[in-house]
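**Student:** The structure follows.
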Amino acid sequence: MSKVSNGGGDSKNTLYCSFCGKSQHEVRKLIAGPTVFICDECVELCMDIIREENKSSMVKSREGVPTPQEIMAVLDDYVIGQKDAKRVLSVAVHNHYKRLAHQSKNSDIELAKSNILLVGPTGCGKTYLAQTLARIIDVPFIMADATTLTEAGYVGEDVENIILKLLQAADYNVERAQRGIVYIDEVDKISRKSDNPSITRDVSGEGVQQALLKIMEGTVASVPPQGGRKHPQQEFLQVDTTNILFICGGAFAGLDRIISARGEKTSIGFGATVKSVDERRIGEVFKELEPEDLLKFGLIPEFVGRLPVIATLEDLDVDALVQILTEPKNALVKQYQRLFDMENVELVFHDDALRAIANKAVERKTGARGLRSIMEKILLDTMFELPTLEGVREVVISGDVVDGSARPLYIYAERQDEKGNVSAGMA
């Protein structure tokens with residue numbers, strides 16, 4: 001029968017966790033089995049691993065298709081806010097699975113795919129949503145950067161490289177690759193330089209849009225086997241892109257002004273109340289997005305037509321950024337606490353510190369993407385000193401530390417009884 005130890009006892013009989021090596025005095029519970037021991041922290045870690053595997057396998061419906069609610073539930077664990085965008089993605093991925101599941105069945109109605117465009121300011125979670133989808137879906141998934149693409153025949157990657165990467169993600173299984181999902185990031189960077197047709201060749205803008213049209217709509221792409229270079233005598237793998245779902249994302253800097261200008265034209269009169277762009281958050285403006293605004297931005301009509309589903313993301317306020325710091329399963333605060341835990345030190349953030357970090361990210365207009373760099377700067381000196389310091393039990397980060405007017409507070413194990421309460425009060 002296994003026994004549970006709550007700590008205590010003399011040092012000669014000290015027991016240690018067989019997995020992490022911590023002693024019974026460093027953990028809350030130590031469970032004993034035949035010749036092995038496991039602490040409560042390792043039990044929790046094992047439970048997290050099991051939960052992760054359950055989530056990634058995902059509960060399937062009777063048709064073998066994950067429901068939108070199931071997909072969104074997993075996205076909610078990792079991505080804070082952006083409810084509308086998550087609903088759009090969940091439905092689109094569900095429909096993608098459903099189309100593939102029913103494709104072999106005889107029907108007079110052919111189900112067309114609906115590619116997606118994600119529009120949102122920098123650091124609002126577009127790329128992270130796609131990365132999270134990659135972990136939870138059961139089809140090959142790749143991310144491509146639109147800024148590296150050029151027309152075929154010019155220096156740079158041509159669009160068929162996207163299909164090659166998808167094929168590699170499917171271990172060169174053509175059938176699996178043809179059921180995959182492609183996320184194209186920074187798609188706003190391939191807009192043409194003006195909304196008038198150009199008389200000069202635009203190989204990285206309009207030219208790339210033209211090249212993407214065929215693979216997004218559905219064509220048979222010739223891909224060199226095992227990623228080799230193309231040459232005339234070579235055998236090619238034929239990949240049909242008809243059933244590949246394309247998700248495009250971009251920040252579209254300046255699009256908010258185009259939308260607002262259109263709104264001002266339609267809101268003229270004594271009773272009209274028009275807020276300037278500065279008075280409204282970018283996410284609010286993006287909610288009024290129409291396809292004609294994308295045309296003015298520089299996307300060609302055919303390209304916009306290939307993206308019938310448009311999901312807009314909101315810019316993140318201070319409260320949302322604080323949630324991002326603490327609530328997701330792999331939240332930044334949890335990541336740094338784990339790093340400090342490896343030194344047997346507890347890292348504590350006061351609420352005012354979290355809000356100060358979020359405020360800095362808002363001021364810099366970097367969104368969630370800027371949180372890590374702010375955290376790194378705050379904790380750099382501490383992470384440099386900590387491995388050589390002895391007896392540090394706890395590091396406390398307050399709002400003053402984030403503002404630069406104070407240093408992190410170190411609480412030493414041997415001073416806990418004498419000065420522990422005083423130190424905590426100072427923080």
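Glycine is treated like the rest: Cβ placed from N, Cα and C.
Feature list, courtesy of Swiss-Prot:
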type: DOMAIN; residues: 5-58; note: domain 'ClpX-type ZB'
type: BINDING; residues: C17, C20, C39, C42; note: Zn(2+) binding site
type: BINDING; residues: P121, T122, G123, C124, G125, K126, T127, Y128; note: ATP binding site
**Student:** Cβ distance under 8 Å to C39 (Zn(2+) binding site), same chain, sequence separation 6 or more: which residues?
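**Tutor:** Sequence-distant Cβ neighbours: C17, F19, C20, K22, Q24, V27, R28, K29, L30, I31.
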**Student:** Relative to the Cα of C42 (Zn(2+) binding site), which of the binding-site residues T122, G125, K126, T127, Y128 has the closest Cα?
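**Tutor:** Ranked by Cα distance from C42 (Zn(2+) binding site), first place goes to Y128.
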**Student:** May I have the list of same-chain residues other than C17, C20, C39, C42 whose Cβ is within 8 Å of the Cβ centroid of the recorded Zn(2+) site, in sequence order?
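**Tutor:** Checked against the 8 Å cutoff, the neighbours are S18, F19, G21, K22, V27, L30, F37, I38, D40, E41, V43.
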**Student:** Averaging the per-residue pLDDT over the domain 'ClpX-type ZB' (5-58), what integer do you get?
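**Tutor:** Summarising the domain 'ClpX-type ZB' (5-58) by its mean pLDDT gives 77.
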**Student:** Drop a 10 Å sphere on every Cβ of the binding-site residues C17, C20, C42, C124 and tell me which sphere holds the fewest other Cβ atoms.
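**Tutor:** Output over binding-site residues C17, C20, C42, C124: least Cβ neighbours within 10 Å is C20.
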**Student:** Quick check: with P121, T122, G123, C124, G125, K126, T127, Y128 left out, which same-chain residues have Cβ atoms within 8 Å of the centroid of the ATP site Cβ atoms?
**Tutor:** G120, A251, L313, G367, A368, R369
**Student:** So which of the binding-site residues is most packed in, judged by how many other Cβ atoms lie within 10 Å of its Cβ, out of P121, G123, G125?
**Tutor:** G125
